[in-house]
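Novice: Below is the structure I would like to discuss, written out as structure tokens.
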Amino acid sequence: MRRFLHPPGQLWRVSRLGEAGAWRCGSLAAAASCLGGKSMEEAPVPELGERGSSLPPAKKPRLLLEAKREKRAGLPEEGKGRYVPPPKKRNPGVSFNEVHFAETSYYFEGGLRKVRPYYFDFQNYCKGRWVGKSLLHVFDTEFRAQPLEYYQAAAKAGRLRLNEQPVRDLNVILKNNDFLRNTVHRHEPPVTAQTIEFLEENDEVVVVNKPSSLPVHPCGRFRHNTVIFILGKEHNLKELHTVHRLDRLTSGVLMFAKSAEASKRIDEQVRQRQLEKEYVCRVVGEFPENEVICEEPIMVVSYKVGVCRVDPKGKVCKTVFQRLSYNGKTSVVKCYPYTGRTHQIRVHLQFLGHPIVNDPIYNTDAWGPEKGKGGNLNKTDEELLRALLEEHLSKQSLSILDIAEEDLKPITEDNVQESPGNCVKPRQATLVNVNSGSTEALKDVSESETSVCSQDLVPQVQMCRTESGEMCSAEQPDDKDPLCAECKVVRPDPSPKDLVMYLHALRYKGAEFEYCSQMPDWAQDDWEET
């Protein structure tokens with residue numbers, strides 16, 4: 001329906017009638033006369049549909065817009081509830097600068113890079129399933145890594161805030177757009193003190209040889225002990241864009257873009273499968289001399305724990321393998337992944353019966369007598385996760401995995417939407433979703449930990465200024481936090497073998513570039529395991 005003025009001062013209506021598409025015109029005054037001579041103010045003119053049928057009068061657009069704005073803003077109905085401010089616009093990208101780098105500092109001990117504990121804020125908007133429930137109920141049902149007494153003490157200490165106001169009563173009912181902030185005393189695991197070797201740096205990219213044990217970017221309990229933060233803090237390289245990723249225990253060629261334009265250009269090459277990646281690994285047993293092609297589909301068992309397996313319902317993938325050497329016990333193999341599924345090389349090697357020698361996930365007895373060879377696994381996904389937990393508990397090696405009791409939940413239709421590719425696991429209880437999962441399979445948790453999805457959080461930090469005006473962390477090296485359970489625990493440092501996996505990204509090649517690193521020591525022909 002169209003309305004316009006013709007002649008001036010007289011409102012006309014043009015409506016389309018019938019399937020033939022004829023147009024019908026008439027003034028509103030004429031339409032009013034059809035209603036018994038009543039004026040427009042006395043009797044509204046019925047709307048005409050496509051076939052001339054009457055339709056109910058449309059709601060005023062302005063009122064609809066106002067109602068939608070109020071709903072989005074969380075405004076209470078007249079005389080009801082509390083005010084919830086509208087959500088703030090989020091930064092579409094994640095970048096780090098001097099403020100983030102100044103949160104804390106490093107120190108080195110026993111060949112390890114360590115981070116001094118610091119205070120840190122986790123922030124999150126109320127999830128849909130929390131609306132109408134009390135904050136106490138949410139803590140009790142979804143964040144059981146800490147007892148309710150902890151959250152009550154944290155509230156009394158002013159560490160829990162709702163819409164930037166201190167939470168005085170955990171029985172408060174959550175509403176849509178409620179903004180939650182939780183201040184924690186954060187501890188990070190140590191990583192190798194090995195320096196990061198630069199392979200290339202120009203106006204567009206930075207290419208490094210990543211040491212084992214270092215995550216690429218903040219994830220899990222790791223934040224400052226990551227490649228992104230070390231490059232920013234020690235080499236003044238800020239706002240780098242991740243082009244591709246490597247598992248925490250995988251070493252080798254790692255590329256960052258210095259600008260969004262360069263990142264998009266390389267990312268397009270990735271999508272078009274124009275990049276070549278070459279890895280080298282050391283596997284169990286005598287690998288076949290001839291080229292081996294594995295095209296078994298892979299599915300994720302748990303995003304949180306970072307476990308995958310071959311399954312017909314999984315995603316299509318392809319890896320080509322070529323043996324380089326065999327020393328009577330283990331083989332050195334080159335790997336050419338044509339797709340980029342999570343843990344693709346590791347899962348395919350396990351399926352072929354030649355897992356990586358020191359793979360803490362795919363070369364364990366948790367997979368059964370044959371360790372997953374041929375996809376033979378007479379266990380449910382939950383049984384597999386529990387077996388992995390029990391094995392690493394017995395070895396006291398949970399620091400290698402992101403496994404805790406609350407993580408033992410395989411992917412289902414109920415939680416798959418809560419499983420993005422990148423998760424953050426703080427060391428202390430935070431306002432997070434225990435059903436969340438990880439992209440990166442970037443793991444490391446203890447029994448007192450839970451997780452938060454980085455896509456749902458905007459990390460902040462409580463900072464202070466010295467008399468000279470410099471930014472510094474609010475935490476001092478010898479300070480102990482009275483609410484922090486981790487401050488009361490003395491954890492042994494990881495052994496060198498826990499910081500290395502025999503999988504190395506050897507080469508990364510595109511249409512306009514090619515970057516290579518040297519072969520690692522464990523890939524040499526004369527290497528012997530000690």
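Even glycines carry a Cβ here, placed using N, Cα and C.
Copying in the features that TrEMBL gives for the protein in this structure:
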{"type": "COMPBIAS", "residues": "68-81", "note": "compositional bias 'Basic and acidic residues'"}
{"type": "REGION", "residues": "68-89", "note": "region 'Disordered'"}
{"type": "DOMAIN", "residues": "205-350", "note": "domain 'Pseudouridine synthase RsuA/RluA-like'"}
{"type": "ACT_SITE", "residues": "Asp247", "note": "active site"}
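Context for these features, please: burial, neighbours, distances.
Specialist: Regional average pLDDT for the domain 'Pseudouridine synthase RsuA/RluA-like' (205-350) in the model is 94.
In the three-state DSSP scheme, Asp247 (active site) is classed as coil. Packing around Asp247 (active site) is summarised by its Cβ count: 22 other Cβ atoms lie within 10 angstroms of its Cβ, all protein chains included.
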